[in-house]
Structure formats: C-alpha cells, structure tokens
Amino acid sequence: MSGPQHITILGATGSIGLSTLDVVARHPTLYQVFALTGFSRLDELLALCIKHTPQYAVVPEQVAARKLQDDLAAAGLDTRVLVGEGGLCEVAAHPMVDAVMAAIVGAAGLRPTLAAVEAGKKVLLANKEALVMSGALFMQAVRQSGAVLLPIDSEHNAIFQCLPGDFARGLGAVGVRRIMLTASGGPFRETPLEQLQDVTPEQACAHPVWSMGRKISVDSATMMNKGLELIEACWLFDARPDQVEVVIHPQSVIHSLVDYVDGSVLAQLGNPDMRTPIANALAWPARVDSGVAPLDLFRIGQLDFQEPDEERFPCLRLARQAAEAGGSAPAMLNAANEVAVAAFLDGRIRYLEIAGIIEEVLNREPVTAVVGLDAVFAADAKARLLAGQWLERNER
C-alpha cells in the first residue's frame with residue numbers, strides 16, 4: 001500500500017481509542033487519522049480533532065454537532081461533523097478508509113462495526129459485543145466481503161499470534177487441542193465471599209492491573225468480560241465452548257495460550273498495555289514500535305495460575321451456558337449485563353445482584369434462532385425489557 005493508511009477510530013475518547021491514537025502518532029508516515037468519533041466527552045473529542053486533524057468527526061446528536069462544528073471552525077479546522085449512527089456507519093465504510101478501530105463499547109458499536117466489515121475494511125475489533133450478539137451473521141459478512149478481521153482484546157490478539165496462519169481450516173486440522181484465555185481475576189479475586197455483598201462501584205472499578213472504562217472494569221470484576229471473550233473466541237477461531245478454557249493469571253503477563261495435540265503450548269507474553277495488541281493489528285503482518293516498555297522477567301519473578309471459582313464468578317458460568325445454547329442467548333446475556341452493570345454503577349442494585357438479573361433474564365426467555373440483524377436487536381430489546389422489569393420490582 002502506497003502512502004499512509006487512513007484510519008477511522010470509532011470510540012476515540014475511550015481508553016482503546018486514546019491508546020490507538022498514541023500508536024498512530026508514533027508513525028506519521030504509516031498512519032493518518034481519517035475520522036474520530038465520541039459519545040459524551042466532547043471537549044476531549046475537540047482536543048483530539050485539533051491534535052490529529054481528521055477529515056470527519058461524529059457525535060451523537062445535532063446540538064453537540066453544531067457546537068463541535070463551530071469550535072472546530074474557530075480553531076481553523078475544516079473537519080466535517082456528522083451525527084448519530086448514520087454518521088458512524090458512513091465513516092466506518094468510507095471509500096477512503098483503509099482500517100477501522102472498532103472501539104465503541106456495548107451494543108451501540110454493532111451496526112458501525114458491521115458497516116466496516118461489509119465495506120471490506122481492515123477491522124481492528126475491540127468491540128467484543130459485536131461478535132457476542134451476532135457472531136454467525138458477523139462472521140458470514142467477513143467471509144462475503146473479504147474484510148480482514150484482527151482482534152484487539154489482548155487475549156484474542158495473543159491467540160491470533162500463537163495460531164498458525166491457516167487456522168481458518170479448523171482448530172483440529174491445525175493440531176490445536178484447546179485455547180486458554182487468561183484472566184487477572186479482577187479486584188475481588190481473594191476477597192472473602194461474604195464481603196462481596198457490600199462491594200461499591202468505586203471498588204469494582206479499581207482494577208489491579210489494567211486501566212479501563214467503568215463498564216468494562218465491572219465486567220472484569222464479575223468475570224463477565226472473560227465470559228464475553230469466551231463467546232468471542234468461539235466465533236473468531238471457530239472453536240467449540242468446550243475447547244476454550246479460562247485460567248486466572250494475576251500478573252497479566254501471559255495474555256493467552258494455545259495448547260497443541262503434540263503437547264506444545266504456545267503463549268504470548270508482554271507488559272499489560274493495550275498498545276501492544278493495537279500496534280500488532282495496525283501493522284499486521286509487519287511489526288511496529290508500540291511505545292510499550294520491554295518485558296522484564298527478572299522483575300516479575302514468578303507467574304501464578306488458578307482455576308476460576310464458580311461461586312465467586314457466576315457470570316462466567318452464565319456466559320458459558322449462553323455460548324453452549326447459541327442462538328439468541330448470547331445477545332440476551334450481553335443486553336441483560338449492560339442493564340445490570342449500569343444499574344450497579346448508578347447505585348440502584350448491589351454487586352451480587354448483577355448475576356441474578358442476568359440469570360433471571362436467560363431463564364425467562366426461550367432461546368430462538370438468530371436469522372438476521374433484526375432478530376439480534378429483538379433479542380437485545382427483550383432482554384433489556386426483562387432486566388428493566390426486574391429493576392422495577394427489586395431495586396433498592
């Protein structure tokens with residue numbers, strides 16, 4: 001490819017978006033920012049636009065768009081401001097775009113990510129919900145469009161690096177026995193079970209290793225994040241749920257492992273910094289400097305592993321059940337979790353009630369086949385309705 005790659009960053013003001021911009025800025029001859037999108041931190045989006053001079057910016061509604069357009073003009077920029085989901089899809093699929101960082105959190109990221117896939121882009125997938133909600137439809141679109149799908153979650157990027165290039169032939173065909181997803185265990189890995197009832201949002205968001213947004217920090221604490229990653233791994237690598245094992249590894253130095261039938265286990269190691277998988281995906285199949293410090297094994301000293309405790313992490317069990325059920329179950333799991341986590345962060349429910357809401361939603365609604373995107377969003381809406389009804393009956 002001649003000239004720099006033009007990059008759209010969906011979710012530019014989040015932690016993944018900011019890390020992407022850090023890597024991009026290190027290689028101005030290789031990458032050029034084409035579009036930036038933001039949702040609520042619009043002052044930060046303005047500052048990023050001034051720094052990176054994209055051709056487009058996208059915000060959620062018209063009032064914010066007019067203000068941002070005026071502020072950009074005052075700064076001497078001719079960046080064009082677009083609005084809403086239509087704007088997101090436009091900058092994701094734009095003919096001038098080479099690569100799209102899909103980093104919008106939650107179900108809101110599905111349509112623009114799918115737009116990038118259908119346009120045949122190189123898609124750097126940080127929005128795991130896109131695959132969780134609509135895995136079969138999403139992967140079918142990848143195959144039909146010829147899009148290049150590169151995982152950004154550190155675990156899936158690690159697996160991608162440890163698998164042979166022809167893994168699409170099937171894990172069995174390339175000699176893979178199982179995939180092992182590592183997890184830090186979050187802030188409550190050793191908290192006495194009786195104390196979990198009184199966990200606060202601030203405690204749940206204080207991750208011991210990674211710096212993340214509030215929603216994903218809670219998901220990490222409950223290990224729902226790992227459950228969603230299990231479902232994502234099944235779609236990315238055409239694995240059965242029983243081929244994906246979760247291992248708690250508190251140091252977060254080994255990002256995941258691949259176990260082969262000959263007894264070999266390949267692992268990818270690195271300091272816990274999202275710039276590593278971002279740089280790997282941006283440059284693939286080449287390599288570029290990410291700005292991450294070299295790994296110092298002498299300083300780390302030891303690596304520990306343990307099996308997840310199902311009583312401590314019921315969300316992981318629920319996610320595995322949804323993966324095994326298939327159909328509408330993963331979309332409903334994700335939607336119920338989004339509602340429950342938002343309620344917990346707002347102080348409306350207790351920490352341990354997150355899993356209870358999700359389990360009730362999954363138990364109340366039968367699993368149905370997902371034959372199109374409308375069915376995905378119908379399952380999502382139904383789960384949100386049921387979770388909302390639970391909150392009306394039970395919130396404190």
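Note that Cβ sites are derived from N, Cα and C of the backbone, with glycine treated the same way.
It should be emphasised that the depicted structure is a prediction, and the values quoted were computed from it without experimental measurement.
For Ile16 (NADPH binding site), the count of additional Cβ atoms within 10 Å of its Cβ stands at 28 [all protein chains shown]. Here Swiss-Prot flags Thr13, Gly14, Ser15, Ile16, Asn127, Glu129, Gly213 as NADPH binding site, drawing on sequence analysis.
According to Swiss-Prot, the 1-deoxy-D-xylulose 5-phosphate binding site annotation covers Lys128, Ser154, Glu155, Ser184, His207, Ser220, Asn225, Lys226, Glu229, on the basis of sequence analysis. In the three-state DSSP scheme, Glu229 (1-deoxy-D-xylulose 5-phosphate binding site) is classed as helix.
The Mn(2+) binding site feature in Swiss-Prot is assigned to Asp153, Glu155, Glu229. A sphere of 10 angstroms centred on the C-beta of Glu155 (1-deoxy-D-xylulose 5-phosphate binding site) encloses 28 other C-beta atoms. In the three-state DSSP reading, Glu155 (1-deoxy-D-xylulose 5-phosphate binding site) counts as helix.
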Binding-site residues: Thr13, Ser15, Asn127, Asn225 - member with fewest neighbouring CB atoms within 10 Å: Ser15
Asp153 (Mn(2+) binding site): tally of other CB atoms within 10 A of its CB: 25
Recorded 1-deoxy-D-xylulose 5-phosphate binding residues, Lys128, Ser154, Glu155, Ser184, His207, Ser220, Asn225, Lys226, Glu229 - maximal Cα separation rounded to whole Å: 19
Cβ-Cβ distance under 8 Å to Glu229 (1-deoxy-D-xylulose 5-phosphate binding site), same chain, at least six residues away: Lys128, Asp153, Glu155, His156, Leu181
Binding-site residues: Lys128, His207 - member with fewest neighbouring CB atoms within 10 Å: His207
Site of maximum Cβ density within 10 Å, from binding-site residues Gly14, Glu129, Gly213: Glu129
